[in-house]
Amino acid sequence: MALKMVKGSIDRMFDKNLQDLVRGIRNHKEDEAKYISQCIDEIKQELKQDNIAVKANAVCKLTYLQMLGYDISWAAFNIIEVMSASKFTFKRIGYLAASQSFHEGTDVIMLTTNQIRKDLSSPSQYDTGVALTGLSCFVTPDLARDLANDIMTLMSHTKPYIRKKAVLIMYKVFLKYPESLRPAFPRLKEKLEDPDPGVQSAAVNVICELARRNPKNYLSLAPLFFKLMTSSTNNWVLIKIIKLFGALTPLEPRLGKKLIEPLTNLIHSTSAMSLLYECVNTVIAVLISLSSGMPNHSASIQLCVQKLRILIEDSDQNLKYLGLLAMSKILKTHPKSVQSHKDLILQCLDDKDESIRLRALDLLYGMVSKKNLMEIVKKLMTHVDKAEGTTYRDELLTKIIDICSQSNYQYITNFEWYISILVELTRLEGTRHGHLIAAQMLDVAIRVKAIRKFAVSQMSALLDSAHLLASSTQRNGICEVLYAAAWICGEFSEHLQEPHHTLEAMLRPRVTTLPGHIQAVYVQNVVKLYASILQQKEQAGEAEGAQAVTQLMVDRLPQFVQSADLEVQERASCILQLVKHIQKLQAKDVPVAEEVSALFAGELNPVAPKAQKKVPVPEGLDLDAWINEPLSDSESEDERPRAVFHEEEQRRPKHRPSEADEEELARRREARKQEQANNPFYIKSSPSPQKRYQDTPGVEHIPVVQIDLSVPLKVPGLPMSDQYVKLEEERRHRQKLEKDKRRKKRKEKEKKGKRRHSSLPTESDEDIAPAQQVDIVTEEMPENALPSDEDDKDPNDPYRALDIDLDKPLADSEKLPIQKHRNTETSKSPEKDVPMVEKKSKKPKKKEKKHKEKERDKEKKKEKEKKKSPKPKKKKHRKEKEERTKGKKKSKKQPPGSEEAAGEPVQNGAPEEEQLPPESSYSLLAENSYVKMTCDIRGSLQEDSQVTVAIVLENRSSSILKGMELSVLDSLNARMARPQGSSVHDGVPVPFQLPPGVSNEAQYVFTIQSIVMAQKLKGTLSFIAKNDEGATHEKLDFRLHFSCSSYLITTPCYSDAFAKLLESGDLSMSSIKVDGIRMSFQNLLAKICFHHHFSVVERVDSCASMYSRSIQGHHVCLLVKKGENSVSVDGKCSDSTLLSNLLEEMKATLAKC
């Protein structure tokens, strides 16, 4: 034995350790993969040895290889062996490897439970610490459930080192096993007051992370956190607590008022920028939520803005960005506080970082007023000229237009200035937003009538400029502006000073290089301009001038007829024929101007974006009907379609001759020159530039005219926007002087009347009058259509039915018939118990349709009251029709003689003889002074393993209940379906509010793994109760009971299928007997059908066979027999456990009879 140990020690001396492995990998760069595979083979041999030190060394090397990306899952069992070593140095290696490689899918992870429990209870704090650290990396739901109590015990350990680790790992345990949160929370709360600052920081971290998703659940800790915030000096802890308060403030308004003072003190005193930013951010959130409740908070806002200015002026780009981000939040509620720092925001436009420049641009959008609009745009225009890169320049262009056009041009006082800005923007080369500038030009010219004359003069200058035509090849380029220019000059041609000159500019040959859609607008507006000139010439008696304009049109329009664009061709051809006809009439001295101008009479106003939706569909028009009959499926797709006009000719591919090489081209050129020289009839050209082109090789001998595409710095005739800025300043100065004069006169009158005022009103944006009387044209809508009609909403919007005024008390006609629906129907006759069977098997969509129909009925009722039209008859007719259809359905289901003979068999339904007392499937869930909760659990065959829980919430208080949220602790067997992205400990919001005395229903889906046993889930309803005195946060705990009967669905079954099912021999059997039953057999069967979701297959005297089916497809068959004072139930089911539990539930129900 001693020799064996010595031999093992000698072998270990020659084993490779981690350093040797790393060194070897460095030395084998060329064949690294091969070397590592050899090392893995060696490691596998080492793991087979009994010596724990060799195994630990092997696992250490495997950990390094795992970091390089190699799979070591095959060594999971060996890692557990090293974890269980008694020596700490080996144990640490094992836990490190486990934390690197173990995950929920690791098969052997269940073997670690006892080892980890042993290490957690170890007297050595290092063994316990390494176990906690490793467990935090590979904790699974099973490990969390099994070890939760052990970790909770460690939260009270004597060593702060262990307490801190135990507190931190509890967060991972909560995530994997949410049921542990409630029992562990008291201890976690105690750790907030732990004497050790590390443990305290860990507790703050865990609770703040939990509260980040569900802040309302932690409102009760607000006093404790407030105490910590005012006493702690740890900046990291303060940041966490302040972030938590920022989330809690919207839920509890009273908390915000208390926070202002300590947060303000921290802002004044702290030098840490991170803490300063969080304080400012939270103060902003508090002031936004309390904007109506705190009348005097301007000092706090000013303090925040001043501190944010310090952040923005800092050289650190991250702090500068955060400062701008927080400033944008203040801007939404307190714009005037931010506007005073306009100079700083404009300086950020010069920053090297593009993200900071873009953030500053977003701020400028909200800082605009009538006073500073021109100044801000002027600054942005200078940045447009200096901007590097098309992306940022295009962003600047977009922002300039957004700033000026916001709120329907609210801040523009001089539209001539805005038109000049748009014209200056047309000089940008390479922009992709030409269509945006064009849209603005069109919009301003159409909406603002007073500016049309000036706009036309500027557009005519644009049409005459060469630089726009030069950029016609770029898609969405600046040439798009010509689209707007041509339309404006054509539509408002009466304002043109030189219409003939503009007409010639629009008919230039170079216009044909523009994109097709711009050429089409040119052609259409050329004829408008022609009609205007024609009218002017005829009124002046210049017949020759009118004929000359017509001749110009006839000469220039053919170039558009030859266009490759189909629309340009069509428009040009049509207009050319019209002009030729006019030319013939002019030759006969017939006046034609009036008729031509009548073609374009009237104004084209802008159409509202939603106008098309408002157009009513004519009666008799079915937009969903087929125009042509659809092709039958039998027709083969590969059938060749017949030619519509003539038989198609067989097209043969044209063989193009291969291109000649350079020698062949030179030989042909020389031969051609020789032939031309010897030809006496060939006219030789004189020496000219054309000669040079003929001497050039290839096809370049064709003469090409050199075009000067240089762009002038300033387009002639275009006014600069700076001139309008000066004119606007002078106009405002004169306006101010006139106001001062009027104010002095008023003051003198007041002195005479012995009246005094403490202060003079300051000039505001509203005092600045616009330069022109602006008449903004509104968008056109169809007759009797309003912009705010409810038709604007998407009819397929799933949230449309929830758009209800919840604060308004419910009228009698609007109350939901949730509980009344079943009570009234069941109280009339036992016949209503049968439709309950149908209701269980219906899809949830039916409820939505009913709700939508009720909404439509309400709208119709309102219209009926307004128009006083006799619509109630129609509604009554509809109800009678529904009742008739219901009656037909019942008659189909029930044989006509079923009620007469009690001894005859009754199939597929509940027996119907005696009247039953009213019953409801809704059971009480929980109640307090604020709310009452009742629920009904419904299964569906369409959704396997899922049940729908319908919860009715009734407000029993005088407060408005809002912000309601349902939290249910999932079990291993039942899980609540939550919205996508939510975790298991997140609550599900209730999609409505409850005014006093109102009830409503919410539905939730649960997924059930095994339905053979009943189970209970704990849940909490949290809500805010708001009344005149304020708002309080309340909660109501409940237990959701899933009985086995709730997993059954009433399913009809015929006697033949029922008999085959019993004969199959696949069903387990069980039975019960209940004594002391005096209820009639009819009522007894109705109770079983109603409460346990069975249907009657066949009944003979006091014996009946019944059937039901579970959501997972289990068949349940019953034979119910009634004696004099007892009832026996024999059952068969495909699952014996499910059957025994069902019979126990049935026994409890029958015992109450």
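For all residues, glycine too, the Cβ spot is worked out from N, Cα and C.
Just one residue in SER124, SER355, SER632, SER1128 has phosphoserine written against it in Swiss-Prot, and it is SER632. In summary, of the candidate residues SER758, SER827, SER891, the record from Swiss-Prot lists phosphoserine for SER758, whereas the others have no such entry there. Just one residue in SER636, SER982 has phosphoserine written against it in Swiss-Prot, and it is SER636. Comparing SER337, SER634 with the features listed in Swiss-Prot, the residue bearing the annotation phosphoserine is SER634. Against the repeat 'HEAT 11' (548-585), stretch 497-535 has more CB pairs under 8 A than any other of 34-71, 77-114, 142-179, 254-292, 497-535. When each of the listed stretches 34-71, 77-114, 254-292, 375-409, 497-535 is scored by C-beta pairs under 8 angstroms to the repeat 'HEAT 3' (142-179), 77-114 comes out highest.
Beyond the ends of the repeat 'HEAT 1' (34-71), by six or more residues, the same chain brings 8, 11-12, 15-18, 21-22, 24-25, 28, 78-79, 81-82, 85, 87, 89-90, 93-94, 96-97, 100-101 to within a C-beta distance below 8 angstroms of the stretch. Long-range neighbours of the repeat 'HEAT 7' (338-373) within the same chain, counting only residues 6 or more positions beyond its ends whose Cβ lies under 8 Å from a Cβ of the stretch, are 305, 309, 312-313, 317, 320-321, 324-325, 327-328, 330-332, 379-380, 383, 392, 395-396, 399, 402-404, 406, 411-413, 765, 768.
Over the coiled coil (845-869), the average per-residue pLDDT in this prediction is 47.
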